[in-house]
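Following: one structure in structure tokens, then a few remarks.
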Amino acid sequence: MKMSVTFLLILMILPLFTGEWQSGSRLSALKKRLLEKRLLQKRFCTEIGKDCGTSWECCEDCCIHGTCSHESNCANFKLR
């Protein structure tokens with residue numbers, strides 16, 4: 001039992017020392033997923049003047065009082 005646990009630990013730790021398991025590749029995969037999500041969101045976003053629940057739903061920058069608004073209106077709204 002101890003041998004199998006030790007063997008599994010070695011298999012998990014060994015790539016860290018050999019450089020096969022690089023955090024950079026994991027980060028680039030995460031960035032790629034976030035970019036795909038952002039592009040998908042832009043493709044299926046809510047137009048200006050339509051109802052919205054959050055700013056993520058809007059094609060532009062923000063959702064003010066349940067309506068998608070243009071970026072310039074968002075800046076004015078945030079200043080108030």
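Just so it is clear, glycine is given a Cβ too, placed from its N, Cα and C backbone atoms.
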Say which of Cys58, Cys59 is recorded by Swiss-Prot as the disulfide partner for Cys68.
Cys58
Candidate in Cys59, Cys62 joined to Cys74 through a disulfide, as Swiss-Prot lists it:
Cys62
Could you check which of these disulfide-bonded residues, Cys45, Cys52, Cys74, sit within 10 Å of Cys58 (disulfide bond), going Cα to Cα?
Cys45, Cys52
Calculate the distance in Å between the alpha carbons (Cα) of Cys45 (disulfide bond) and Cys74 (disulfide bond), and round it to a whole number.
17
